[in-house]
Amino acid sequence: MALYSAAAAVLTGLERGEGGLKSLVYNSGFPHVRQLYALVSETLRYASVLEKLLDGAALLQAEKKLAPQLAKVLVYDLLFGKGLKCGGRWKALARRHRARLEAELARMKVRHKVSRNEDLLAPEKAVSAAASQVPRYVRVNTLKTCVDDVIDFFKRQGYAYLGKAASVEELKDLSGKKFLLDLHLPELLVFPSQTDFHDNLLYTSGHIILQDKASCLPAFLLGPVAGSHIIDACAAPGNKTSHLAAILKNKGQIFAFDVDPKRMATMNTLLTRAGVTGCQLAQQDFLTVDPRDPKYSRVTHILLDPSCSGSGMVTWGPGEEVAPSAERLQALAGFQRRVLNHALSFPALQRLVYSTCSLHQEENEDVVQAVLQEWGLAFRLVTAFPSWPCRGLAAFSGAESCLRASPAETLTHGFFVAVLERCKEGAAALSSLPAAAKKNPQPGEGTEPGAAPKKRKKKKQQVK
């Protein structure tokens, strides 16, 4: 299905109440779901402007066979997007009316006394200043290449490499064709927010993964060593799974579960393109997986990123639940507690990362607190990334061990991460940084609060 037709179909589904934006995009059958999601999200953001443009230019009257939703998508990409780089006959149709549409857009700007397209948006539709500053993060897929080679590639494409960032402020100041190495994650490159790599050779070949920085934290903080057996409990669309495979260097075993067949198909495509091996995909509800199955007897690490309200995501459209009801939050939290309890029941489990893209305490600190109380002294929270600026809300003692992310403070999507480890009687404090981070430990990192500095250096205290 062509991009513009797929986008129009998603818009129609939203209008009819057939589902939310994410579900309709993933169920569309379109192979490049991120590209489709971005186009639909931006078309929705400019919906009121596009309707006025269509009326003013009388496009639907001139082209009676053109459906309104398809017209919105075409006009958005023509005037506000990429300029109709694809589209076939639809491209030709829209371009016939380009002069009239551009003239109507100019008149709108004059009437509203603005010079920028985004200034035409109503305040409630405009992206917040903090959200608009979230950069484009590019994770280098070390299964296929290395950071230095990717940097050299972008240099040859005319980008200026500014070195490793020293602060979040440096990321905020990026503009034009400049990029940095992230200050926290060693394989993450940072570009200005509107940079688009969906058609870039490195992306289409799987050498880079377009993944928000906050979404990279769960696999990074799980930090398994090569040879580990891991479960990715709610895995689709697969970015975190591919990150785990890269950390393992494809040495070990990943069991990845998701109940939705179309999301699983998308994940299979992504993992194949990324060069992931040693990963068993299962279209199965993780809650139905038997922890006592001998197949999982060596599973020591679990990444759990369950369904949530998604309230931390920067861009939303109609049909998405930005502010879920109290009943909806209660139902989500109940599911999240069940699935976290289930994950902790795997007998060989040593380390688990629980994460959501939610801002709500009910889905985050409250879930972790409730489950830890049920397990008593069997598991404990480990301080995740002590130098990370945003900590968990003080919902209970130990919540500061968790971390949060937000557009305003960390220039990422909103996110929550908690790291749990199995307790061992008489064991000294374990390392709080994953194996992936130990090449360049930061001052003050590597122990839980209160651990003696000398113990950081002993191998037996580090996470295996």
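A Cβ is built for glycine as well, from the same backbone N, Cα and C atoms used for every other residue.
Checking the ranges 7-34, 91-118 against TrEMBL, the coiled coil annotation falls on 91-118.
Away from its own ends, the coiled coil (91-118) comes close to residues 49, 52-53, 56-57, 59, 62-63, 66, 74-75, 78-80, 84, 126-127 of its chain (Cβ-Cβ under 8 Å, at least six residues beyond either end). Spatially close to Ala236 (S-adenosyl-L-methionine binding site) yet at least six residues away along the chain are Tyr26, Asp258, Asp260, Arg263, Met264, Thr266, Met267, judged by Cβ distances under 8 angstroms. For Lys240 (S-adenosyl-L-methionine binding site), applying a Cβ distance below 8 Å and a minimum sequence separation of six or more within one chain yields Ser215, Pro218, Ala219, Asp232, Leu303, Asp305.
Around Asp285 (S-adenosyl-L-methionine binding site), the same-chain residues six or more apart in sequence whose CB sits under 8 Å from its CB are Phe257, Val259, listed in sequence order. Put simply, Gly238 (S-adenosyl-L-methionine binding site) is 15 Å from Cys357 (active site, nucleophile) when counted between their Cα atoms.
Spatially close to Cys234 (S-adenosyl-L-methionine binding site) yet at least six residues away along the chain are Phe257, Asp258, Phe286, Leu304, Asp305, Pro306, Ser307, Val339, judged by Cβ distances under 8 angstroms. Residues Cys234, Ala235, Ala236, Pro237, Gly238, Asn239, Lys240, Asp258, Asp285, Asp305, recorded as binding S-adenosyl-L-methionine, reach a greatest CA to CA spacing of 19 Å.
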